[in-house]
Amino acid sequence: MRCRILVLCAFICLFVILTEARQRKVNHSADRRSLAVRRGHRNQRSSARHGAGLAARSRNQRKRRLNAAKRSRRRRNLARKANRKIKAKTESVVRSGSSYATLPLDFQQNFVRTTDNLRSEKSFLANRYGFSFSKTSGTATLKNTANMEYTCKMNIGTPKQKFTVLPDTGSSNIWVPGPHCRSKACKKHKQYHPAKSSTYVKNGKSFAITYGSGSVAGVLAKDTVRIDGLAVTNQTFGMTTKEPGTTLVTSNFDGILGLGYRSIAVDNVKTLVENMCSEDVITSCKFAICMKGGGSSARGGALIFGSSKTSAYSGSHSYTYTPVTKKGYWQFTLQDIYVGGTKVSGSVQAIVDSGTSLITAPTAIYKKINKVIGCTATSSGECWMKCSKKIPDFAFVIAGKKFVVKGNKMKLKVRTNRGKTVCISAVSEVPDEPVILGDAFIRHFCTEFDLANNRIGFAATTYAT
């Protein structure tokens, strides 16, 4: 009996063990399925997030591309509109017959030249016009420029590169310091950089302009040149690579704006005014210079392109015209010269030269002038006097009309090497014609240079000169 009970207990225990084992197996399978499901859900969520991120990035990239395209189109449209406006404005101005510009001249304040400046300027003139002064100092190269008092502004390139230039009716080329010039003068002034201009056109031809015992040398280039809003495209000008001497180091201008005829241009370059006329940039093929002198004012008058309306500078004074006798320099016939009541010259050829402050006269006329005013002539071709000395008025007869310059305006203050200030006659000696009429004459008369009619006009200024 006892054995049966033990066997029965053993069967019951075995049954319980097998049942529990089966239950554990079922639970383990369920757990594995649940884990798989959870992992599947996590993978699905991760894939969804990754897909959403890619889609967002793709949308952002498309948006950026679209925005960039819009900005580009907007810039192009604005540029086209601006060009149309400029073109329309230019065409409108040209058609209306009012295309001109008035450019202020700047004046070197309280200017007093030195004897070195004076003699170097004479050396410069001798080289320009092919004559010689007696015993003009040859020690300085380009020493003339320090006493060229009147300057104006000019822009070259796109965008604009700004320069201060000397308006010079005694030459016909434009030049400014170039990017490869290592002369001290270039480093002290603004230099033109072709790489910064979208309208620059390479030329590469060499040029050289002689001044005194040295020369400004460089290469030619083309670019847009602007004067007070008047633009000439593809204007040929010089980029200097060498500016010898010491004068340009301290000069108050960067370069030269030549305003003479093309026939005296180095390399036969077409002049700025000639291009203004042929391209209808100005409707009247002329320009005028009205200078103001003395005092401490920085403004020294005006350079006017395309018009002879100078009433703001000449008042009601009308122009007296005389024909150009030789196209090159602005040359004409000066009929007579008087000092006080004494006639010191009959008919001679004369040149209007805004690039110098001097007046020159042939030896015979020079000696007669000195005798009348009572100055002391020197071996270097100047005539010295005390600044307190009173001298008679000068009268220059042009086209039958007398143009009078007060005697006290025909004296120039000069500082000697010892620091003493003295006065000399504004007239210097040259061996022969032509007479050169520089700023000492021009500042008293608005001067019109008419290329269309090959004539020069003079009208008295209303400035306190």
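Cβ coordinates come from backbone N, Cα and C, glycine included.
Given the structure is predicted, the values throughout are model-derived calculations rather than measurements.
Residues or ranges marked as signal peptide by TrEMBL: 1-21.
For 28-88, the entry in TrEMBL reads region 'Disordered'.
Annotation comment: TrEMBL describes 35-48 (among others) as compositional bias 'Basic residues'.
Among the features that TrEMBL reports, compositional bias 'Basic residues' is placed at 59-87 (among others).
The domain 'Peptidase A1' annotation in TrEMBL covers 150-459.
What TrEMBL records for Asp168 (among others) is active site.
Summarising the annotation, TrEMBL assigns disulfide bond to Cys181-Cys186 (among others).
The active site annotation in TrEMBL covers Asp353 (among others). Within the same chain, residues at least 6 positions away in sequence whose Cβ sits under 8 Å from that of Asp353 (active site) are Asp168, Thr169, Gly170, Tyr329, Trp330, Ile436, Leu437, Gly438.
Residues annotated as disulfide bond in TrEMBL: Cys387-Cys423 (among others). Around the Cβ of Cys423 (disulfide bond), a 10 Å sphere holds 20 further Cβ atoms from the protein chains shown.
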Using C-alpha atoms only, work out the spacing between Cys387 (disulfide bond) and Cys186 (disulfide bond) and round it to an integer in Å. 37
Around the C-beta of Cys387 (disulfide bond), how many further C-beta atoms are within 10 angstroms, looking at every protein chain? 13
Cα-Cα, Cys181 (disulfide bond) versus Cys423 (disulfide bond), nearest Å, comes out at 38
Integer Å distance between the CA atoms belonging to Cys186 (disulfide bond) and Cys423 (disulfide bond): 33
Cβ-Cβ neighbours of Cys186 (disulfide bond) (radius 10 Å): 23
